[in-house]
Amino acid sequence: MIEKKIEKAINKQINHELTAAYSYMAMAAYFAEISLDGFATFMHKQREEETQHANRLYQYLLDRDGKVDLPPISSPKMQFNGVKDVFDTALALEQNNTAAINHVYQVAAQHKDYATLSALQWFLDEQVEEEKSMRDMLEIVKFAGGDKGAILVLNQQIAKGAIPGVQGGGLDGGGGGGA
């Protein structure tokens, strides 16, 4: 049976992952509303990955005879001031998720729960990949600046999977996925 403090921390992380999924859905909706379907697909893939992460933690708790608790999910940011604002928000989301996973790791370390530490290592490795992907996308968007033509070309390239680190609107490699 898993220690109650670790169970509580993992349940909180499940909520973080589902909140991130909800946030990525809001970002996808924003892009769909302004006809940037490549960006929208990219954000939908991020949403799917966050949901998979929540499911992975959920299953881990059940496997350890823990109790799953699903509190309400906070409403995400719905208004954005352009493509750069979306990627600024996405990077901050990933950075916050990294901090949250680090907290769960610290709690597990305090209780010398080596099985949980091992399970969490996968999430830590994913977060390195996810923060890098969002930083890279943000830098590309910054490079495009406010040039709508450049943003349209970037949108098409993302849809085709022609941006390094991005395949068919989703991240390539490593089992995928952020926060």
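Just so it is clear, glycine is given a Cβ too, placed from its N, Cα and C backbone atoms.
Curation does not apply to TrEMBL; its annotations are automatic.
The Fe cation binding site annotation in TrEMBL covers GLU17, GLU50, HIS53, GLU94, GLN127. When secondary structure is read from DSSP and collapsed to three states, HIS53 (Fe cation binding site) falls in the helix class.
Among the features that TrEMBL reports, domain 'Ferritin-like diiron' is placed at 1-145.
Under DSSP, the residues of the domain 'Ferritin-like diiron' (1-145) split into helix, strand and coil as follows: 116 helix, 0 strand, 29 coil.
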